[in-house]
């Protein structure tokens, strides 16, 4: 009874000292809660005599050993004699040096796995300076700038901004290497939107030139880049919201009204009209420059390049015209009924007709065009054709799309799905997009023939359709032009309600043909007009870029950087180039 009272007094003293001690006596052994174990080690070292006497009193025949469970307590471990440790260490190092690199790595991994957390911290502190390198200062003095410029020229805009903030040496290499100019040039070469902006805003003349006094300093290109990004974001927002500047060409047809086909470039628009004529318009002034006559029926289709205009008509003929003079170079008579559509490229031309046939032609020159093959298989008028080096694709009023081999002209497969005749299509890479009189648009994989998506929204026949990498633009007999999100349409998870970005309503008649690029849509209609929908130059909010002016250098200092990135963002850049920048010994920090 006296021993139990002594234990109770001992426990009470520990509680008052602030230790959450729970006592249980069973067979003369004191069991403690897990959170008490580390404190108990300290308690036993500071009050060793008292606790040992108590344990001895409770169990004179047993010795209780209390061990911490949360890793080793380094303070309680003793190194063996210094002489033995040195000998053992040298022996281990000797064995380690004899192993292969793979074995050494495996051995070190096993050693690290047996260490505690604070030991890992010591190792990390030791390794960090060894892994951190400023690769620019580590380059040899000879050719340093050239090598450093080549390395940094692969960076994107955000990484280049971060690199400028590393130190003055990095900023000097970027500035003297004109890396912002090189970045803009790379974007202009690879992105049509950048190329179009460079032409329209006239800063293209400061690109792709060697270092001369005529080009502005690097700071100009540094400040130009964010302005370009802002313009691109504005253009994309204009497309999404339908903001545009509208220009109208009144064709003033003499007899029957309607513009059946068109094509444009930066200088001109060429249109084919229901009154049998072909009209060439100045794209800037919207004035009619020339009228080509010769067809005895409506001009239903056309295409041109830098040398010739090729047109197809309801008079069943195909005519070839010289672009600059308007002279007729050739007339092809083959089809029995109206020529509804045609395409030519790389010495090959394909025409289709209301007579249900497709003609494949070899174009050696504008005056030397010979028939290679006639493709038959459709059971109704063939309304549209398209082709590349692999396939010829045709669509018909028989509700089918047929695929043919370009090289052999052999039939490949049929795409079925539309419920009524097909009026239009475009084919590029593996994607075919078609529009039908069932009022729908379908997206197809040409290789397997699968229908990837059905777009619904038009109220009448879908007469014309075009697409690029971002969007599909369609025109219909309901007088409406719709803009669709192509990437979302290709995603089967995207809801149908999110696919149509905008509906444009300005035509008062059926939309017959349209073409578009990153900045505009040009459409023609039964209402005898050609409309230019400009998403770049919006009235009241036109975007302007600062052009180069030969003034003081202060004019170019429009900002130190596009954005100031955090340190973590810069480490991401370092990860991309598989190098790290030393914080312990930076060169010349800003």
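Glycine is treated like the rest: Cβ placed from N, Cα and C.
Lifted from TrEMBL, the feature list:
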type	residues	note
REGION	62-84	region 'Disordered'
DOMAIN	145-183	domain 'F-box'
REPEAT	252-291	repeat 'WD'
REPEAT	292-331	repeat 'WD'
REPEAT	332-371	repeat 'WD'
REPEAT	375-414	repeat 'WD'
REPEAT	415-454	repeat 'WD'
REPEAT	455-487	repeat 'WD'
REPEAT	504-534	repeat 'WD'
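Sequence-distant contacts of the repeat 'WD' (504-534), counting only residues of its own chain at least 6 positions beyond either end whose CB sits under 8 Å from a CB of the stretch, comprise 192-193, 196, 200, 235, 242, 244-253, 257-264, 269, 271, 281, 460, 463-464, 466, 468, 473, 475-477, 479-483. Within its own chain, the repeat 'WD' (415-454) is flanked in space by residues 380, 383-384, 386-388, 391, 393, 395-403, 460-467, 472, 474, 476, 484, 489-490, 492, 499, which lie at least six positions past its ends and keep a Cβ under 8 Å from the stretch.
Counting residue by residue with DSSP, the domain 'F-box' (145-183) contains 30 helix, 0 strand, 9 coil.
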